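Colleague: Pulled these features from TrEMBL for this protein:
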type     : residues : note
SIGNAL   : 1-23     : signal peptide
DOMAIN   : 34-236   : domain 'Neurotransmitter-gated ion-channel ligand-binding'
TRANSMEM : 238-261  : transmembrane segment
DOMAIN   : 243-449  : domain 'Neurotransmitter-gated ion-channel transmembrane'
TRANSMEM : 268-289  : transmembrane segment
TRANSMEM : 301-324  : transmembrane segment
REGION   : 368-387  : region 'Disordered'
COMPBIAS : 368-380  : compositional bias 'Low complexity'
TRANSMEM : 431-450  : transmembrane segment
Amino acid sequence: MTSKDSVFKLVLFCIAMFYKARAQTYSDGLKLLNDKLSSVNYRSELRPLLDQTKVINVTVEFFLLSIVELSDVAQSFTANGFLSLHWTDEILAWDLTRYNQTRVIHPLSENIWIPKILLMNTLNDRDIFADNKAPLFINSSGSVTWAPGSLFPTSCQLKMTKYPMDEQTCTIFLSAMTHSVKELRFLVPSTKVHLDFYTRHGEWDLLSSSVTTADLDTGVTSISSVRLKFTLKRRPQFLFINILLPAVFLSFLNIMVFVIPVESGEKISYVITVQMALSVFLSMVSSMLPSSSLTMPTVIVYLFILLIISMLTVIDSIITVYLYHLETKEDLQQKTKEQFKRASDKVVSIKKIMSAISKPEVNDASSVTTATSTATGGASLPRPNYPDPALLQPSLYTEEKDMNELLAALKSVSAINHVNKYKVVGQHVDTVSLVVFLAVWVAVTIGFFIDMTVS
């Protein structure tokens, strides 16, 4: 049966849903239904074969309407479609001449025998057609066409290694519910899924699809089964633009912290802000992936490496800022020591001056005493012990002044030639870190994209 024939039959079936049986008169159709479907002549519990030792063959075709969902987190696949089932009901065949050339009837599915189909890998009810009221049509030769439609929610084990550039293969596994292969066998006229009414999915491209049959051994008996296989490829553009590329750019900006000078005061705040943004993107990607997986997605490993690089840049920046302020701390200690030494020197100089004032040299004390007693009429008066100004050693003042001028000159020269050695070390650390981290970032990023593109 070709694809065109299947579409033609489907169109006939859709038309039949809106029109009554093609009987010449109402009484002709009513008589036919009463004769064929009466409880005396027909039982839906029995296979519609005159010889019950034979196998009833059911032809299966699948029409895919749309892919509803392929969930990474739930590991599930849901397709929307319908089956087109064909078989021959020998009990319902009739002679056209007896019923005024009535060629087609449309009984309800619960009034005739239909194959019970079980969805083996379902996430919900296994008998997905239990409440299906899809009508069917039967021609005079007993050929039955039934097209039940439904959502097919199934489990699908996803391989997330190449996420978000992954390909997934999901299967809808159908089997006969109540009959062994000696009683019922599924046949497929074509190994292709019909895509005449298929609507493309926004995230997934359908690469290929197939329909195959196999005998399933249950341990007690073998049952006929149908496997619908779908190979899908994810469209990665949305995830790349909205999640992955921003994370890559943020990690690059994080490395640029080594270009920011410590004097700006924004080095630590900048690197921590970028670190937090990268952590947010990592949590967003994690929420889109299953909590447990047999294979670790490469993108998670890549983002984790970027997070480690970001953490190391934070530590490196903290060390650089510490080195910069370490020189300032030592300078403060050195100034304190110099001020203390200068104060001590002044105290020593003052002590020397006071010592010179308290112990002057006395010239000819006896002559001074005689002259004083003569002037006072022989009375001896005490004389204040004033030092001779010429004896006060004026060289002490000159030496102290020269010393202060020399210290001031040395201090100015030292300030001009002084170099913050820790700041220089920090600058070298920034330069080396920029080269090393940038090289690691480039190598990891290129390796990640090569691994993602190579199948």
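Just so it is clear, glycine is given a Cβ too, placed from its N, Cα and C backbone atoms.
Please treat TrEMBL annotations as automatic predictions, because they have not gone through curation.
So where do these features actually land, and what's packed around them?
Modeller: Summarising model confidence by region, the domain 'Neurotransmitter-gated ion-channel ligand-binding' (34-236) averages a pLDDT of 91.
Outside the transmembrane segment (301-324), and at least 6 residues removed from its termini, the chain residues within Cβ reach (under 8 Å) are 247-248, 251, 254-255, 257-258, 262, 267-268, 271-272, 274-275, 278-279, 281-282, 285, 420, 422-423, 425-426, 429-430, 433, 437, 440-441, 444-445, 448.
Beyond the transmembrane segment (431-450), the same-chain residues lying 6 or more positions past its ends with a Cβ under 8 Å from any Cβ of the stretch are 248, 251-252, 255, 258-259, 298-299, 302, 305-306, 309, 312-313, 316.
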Colleague: Could you pull out which residues elsewhere in the chain have a CB under 8 Å from any CB of the transmembrane segment (238-261), counting only those six or more residues past its ends?
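Modeller: Sequence-distant neighbours of the transmembrane segment (238-261): 164, 203, 267, 270-271, 274-275, 277-278, 281-282, 284-285, 288, 299, 303, 306, 309-310, 313, 316-317, 430-431, 433-434, 437-438, 441, 445.
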